[in-house]
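Chemist: Quick one: this structure, given as structure tokens, is what I'll be asking you about.
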Amino acid sequence: MSKLFRAVIMGPPGSGKGTISERIAQSFGLTHLSSGDFLRENIAANTEAGVLAKTYIEKGLLVPDHVMTRLVLPRLGEMTRYSWVLDGFPRTLIQAKALNSSCDLDMVISLNIPLETLKERLSHRWIHPASGRVYNMVFNPPRIQGVDDVTGEPLVQQDDDRPEALVTRLRHYKDVAKPVIDLYKSMGILHTFSDTETDQIWPYISSLISNKIPTVRPDPRCTSP
Ligand SMILES: Nc1nc2c(ncn2[C@@H]2O[C@H](COP(=O)(O)OP(=O)(O)O)[C@@H](O)[C@H]2O)c(=O)[nH]1
Ligand SMILES: Nc1ncnc2c1ncn2[C@@H]1O[C@H](COP(=O)(O)OP(=O)(O)O)[C@@H](O)[C@H]1O
């Protein structure tokens, strides 16, 4: 049986979770699972969870725990045979406890990025809604201004990246993330990285995962709730 690796990446909005998860996925052949993408899929498909979630996201608020756990845990249950990096979940202690009771994590990466850097980055973030591809008009701009590299479709700025929603989101993040970070610290699986640039952080994350991957074991408990 192949060895599986399960990581969570945490950090405030704009800290680079999506960007770093994509690099991990490509470098190590893991699947990148994103709670934000799950939500956007549900919003686009007008599911009950999607309609409900949209009302919270538009206000810059977290989606309630029971909605998130019902959305994310079954998706993890479908991934029992794959290694993954989970981006954006858990964000609260209730979510973290629900995740702990479904599977054993090998590693939690926490990104600690200065507030001014976050504000600057998010003001330049544009996405391709259908695929979830993320661009930054300064750091990684699309080849043609305003359109997705792959499909040529227009890019949009997410409602929750607009300055009004952003300040609320960052404040909320700090309050709810602290007990989650403390939990993972007490479990001995937390690794925190602080810098203003993803390219500076990446070599450290890459070597951490390289050292860990050969030793991980499959977790038969990672099943659908
Ligand atoms: N200037 C700059 N932008 C970055 C860096 N890393 C990521 N970004 C951009 O910052 C924005 C937020 O990154 P993202 O990965 O979406 O963060 P997330 O909200 O934590 O998932 C995106 O537009 C990225 O392209 C970096 O090191 N420098
Ligand atoms: N685990 C979660 N719990 C509650 N709300 C969530 C969760 N994941 C995503 N969301 C909601 O979806 C929004 C977008 O999430 P995401 O794409 O991960 O972006 P970001 O990291 O930039 O906030 C969040 O601002 C929040 O409202």
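The backbone N, Cα and C atoms fix where each Cβ goes, glycine too.
Bear in mind that TrEMBL entries carry predicted annotations, made automatically and left uncurated.
The following feature annotations were taken from TrEMBL:
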- Gly14, Ser15, Gly16, Lys17, Gly18, Thr19, Arg125, Val134, Tyr135, Thr198: ribonucleoside 5'-triphosphate binding site (BINDING)
- 34-63: region 'NMPbind' (REGION)
- Ser35, Arg40, Leu61, Leu62, Val63, Gly88, Phe89, Pro90, Arg91, Gln95, Arg169: AMP binding site (BINDING)
- 124-161: region 'LID' (REGION)
- 125-160: domain 'Adenylate kinase active site lid' (DOMAIN)
Chemist: I'd like the number of other C-beta atoms within 10 A of the C-beta of Gly14 (ribonucleoside 5'-triphosphate binding site), please.
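Modeler: Taking all protein chains shown, Gly14 (ribonucleoside 5'-triphosphate binding site) has 26 Cβ neighbours within 10 Å.
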Chemist: Please list, in sequence order, those binding-site residues from Ser35, Val63, Phe89, Arg91, Tyr135 with the Cβ less than 6 Å from ligand 2.
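Modeler: Passing the 6 Å Cβ check against ligand 2: Ser35, Val63, Phe89, Arg91.
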Chemist: Among Gly14, Gly18, Ser35, Arg91, Arg169, the binding-site residues in the record, which have a C-beta under 6 A from ligand 1?
Modeler: Gly14, Gly18
Chemist: What's the CA-CA gap between Val63 (AMP binding site) and Gly18 (ribonucleoside 5'-triphosphate binding site) in angstrom, rounded?
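Modeler: Approximately 18 Å lies between the Cα of Val63 (AMP binding site) and that of Gly18 (ribonucleoside 5'-triphosphate binding site).
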Chemist: What whole-number Å value do you get for the CA-CA distance of Phe89 (AMP binding site) and Gly18 (ribonucleoside 5'-triphosphate binding site)?
Modeler: 12
Chemist: Name the residues of the same chain, 6+ apart in sequence, whose Cβ is under 8 Å from the Cβ of Ser35 (AMP binding site)?
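Modeler: Counting only residues 6 or more apart in sequence, the Cβ neighbours of Ser35 (AMP binding site) under 8 Å are Met68, Leu71, Val72, Leu86, Asp87, Gly88, Phe89, Arg91.
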Chemist: Using DSSP with the three-state reduction, classify Phe89 (AMP binding site) as helix, strand or coil.
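Modeler: The three-state answer is coil.
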Chemist: When the Cα-Cα distance from Arg169 (AMP binding site) is computed for each of the binding-site residues Gly14, Gly16, Gly18, Arg125, which gives the smallest value?
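Modeler: Closest by Cα distance to Arg169 (AMP binding site) among the binding-site residues Gly14, Gly16, Gly18, Arg125: Gly14.
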Chemist: Between Leu61 (AMP binding site) and Gly14 (ribonucleoside 5'-triphosphate binding site), what is the CA-CA distance rounded to a whole number of Å?
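Modeler: About 15 Å separate the Cα atoms of these two residues.
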Chemist: How many angstrom lie between the most widely spaced Cα atoms of the AMP binders Ser35, Arg40, Leu61, Leu62, Val63, Gly88, Phe89, Pro90, Arg91, Gln95, Arg169?
Modeler: 19
Chemist: Out of Phe89, Tyr135, give me whichever of these binding-site residues has the highest number of other Cβ atoms within 10 Å.
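Modeler: The residue with the most neighbouring Cβ atoms within 10 Å is Phe89.
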Chemist: Minimum Cβ neighbour count within 10 Å among the binding-site residues Gly16, Gly18: which residue?
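Modeler: Each of the binding-site residues Gly16, Gly18 was scored; lowest Cβ tally within 10 Å is Gly18.
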